[in-house]
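Quick look at what Swiss-Prot lists:
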COMPBIAS  309-320  compositional bias 'Basic and acidic residues'
COMPBIAS  380-395  compositional bias 'Basic and acidic residues'
COMPBIAS  402-424  compositional bias 'Basic and acidic residues'
COMPBIAS  433-478  compositional bias 'Basic and acidic residues'
CROSSLNK  Lys197  SUMO2 cross-link
CROSSLNK  Lys211  SUMO2 cross-link
MOD_RES   Thr325  phosphothreonine
MOD_RES   Thr447  phosphothreonine
REGION    247-353  region '10 X 8 AA approximate repeats of R-R-S-R-S-R-S-R'
REPEAT    267-274  repeat '3'
REPEAT    275-282  repeat '4'
REPEAT    293-300  repeat '6'
REPEAT    321-328  repeat '8'
REPEAT    334-341  repeat '9'
Amino acid sequence: MSNTTVVPSTAGPGPSGGPGGGGGGGGGGGGTEVIQVTNVSPSASSEQMRTLFGFLGKIDELRLFPPDDSPLPVSSRVCFVKFHDPDSAVVAQHLTNTVFVDRALIVVPYAEGVIPDEAKALSLLAPANAVAGLLPGGGLLPTPNPLTQIGAVPLAALGAPTLDPALAALGLPGANLNSQSLAADQLLKLMSTVDPKLNHVAAGLVSPSLKSDTSSKEIEEAMKRVREAQSLISAAIEPDKKEEKRRHSRSRSRSRRRRTPSSSRHRRSRSRSRRRSHSKSRSRRRSKSPRRRRSHSRERGRRSRSTSKTRDKKKEDKEKKRSKTPPKSYSTARRSRSASRERRRRRSRSGTRSPKKPRSPKRKLSRSPSPRRHKKEKKKDKDKERSRDERERSTSKKKKSKDKEKDRERKSESDKDVKQVTRDYDEEEQGYDSEKEKKEEKKPIETGSPKTKECSVEKGTGDSLRESKVNGDDHHEEDMDMSD
């Protein structure tokens, strides 16, 4: 009963509508019992196919190509099923696109009604070929006949008039160019005869890659010029600044030299001042006779006593004038200046009357060389030192015989010569070697012994002690003036 109920519902729209037979007489109207099942999975066996289609109706015969035991590798298989009832074959077509194992089945009625042999069956393996086994009006959409004669038509026959009759009516000439027969030079001639049409190209044919390199070079050159110009401008503006800096640095270094109590520098300054003063006095002394020296020294002693006070006043006035315009390194320079000048004054006064320590105070006190000594002051200092030396000699000459004094003078002069010759002005500027300094330190120690003899002899004068006290009071007053 299930067959009879299902068959009419399917037979009405399906095969009965196709062949044109009546609803009941669909089977007699040329229906077939054999179906062709393509796109069967290669892993499917004939037993599985039998079970699948056995639900639809009684199966007379079932064959699977290639068979299960075939050694050939198979992409897909073909199965032919012959039902006992042709209606069950119609129902089986509904299994089309049913996925079996891993593929969708294609079920088509086979027109011949007999299961074919293996060779023919394998030719129908492809789904497109499977359609060729259908009846001309059966089942699926009709397929047009294959165009076997396309390759036989020559290309020359496919001109413009043959393709479209409307083009032939326009009277256009046919194609007269055969690219195979034309040579390259002929093509060039042909192209030269044609009038050129100029159209602006939207995209650049040659990519401008070189532009970036050239532009970068130009930029670099321009930047170089800019840098050169900047350097020139700065060079034109800054030389004044550089000179100022140099001046500042020089003044600073000078002030530092004043501050630092390095013994080597003080030695240099002492030797310089001594050399200048003694060199002139020596030359004069050598030219003069001892008698003349004595008379001159007495006169000079008197003069120096009278004129020393006036000189001190002049110096104070000059210092006041200078203090109105203080330099940058004012405080340090002023201290050093005032101290050095006071020491000089003390020496000038006390050295004339109290010759207890003729040389030793000179070494200790005149350490800081005043940086801005004028030529006039230098000359005055030289005169003072000359007068001092001559006074010392005159006092000692009174108490000792002439012969002894001459010997001493020779000795002292020779010692001074040794001292002053050892030092060079240029060498002082460049910097002293440690060995020279050691030698020079030894020499003053050796030369100090004859001077101490003179000191012991010259202590006896009583009036010198009194006058030194008076001088001390004067120095206190001068110190007060300087501090003001």
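Cβ coordinates come from backbone N, Cα and C, glycine included.
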- Can you tell me the mean pLDDT for the repeat '8' (321-328)? 54
- Query: When you measure from the Cβ of Lys197 (SUMO2 cross-link), how many other Cβ atoms are you left with inside 10 Å?
  - Reply: 5
- Note on the structure: Per DSSP (three-state), Lys197 (SUMO2 cross-link) is coil
- Message: From the DSSP assignment alone, can you count helix, strand and coil residues within the compositional bias 'Basic and acidic residues' (380-395)?
- Response: 16 helix, 0 strand, 0 coil
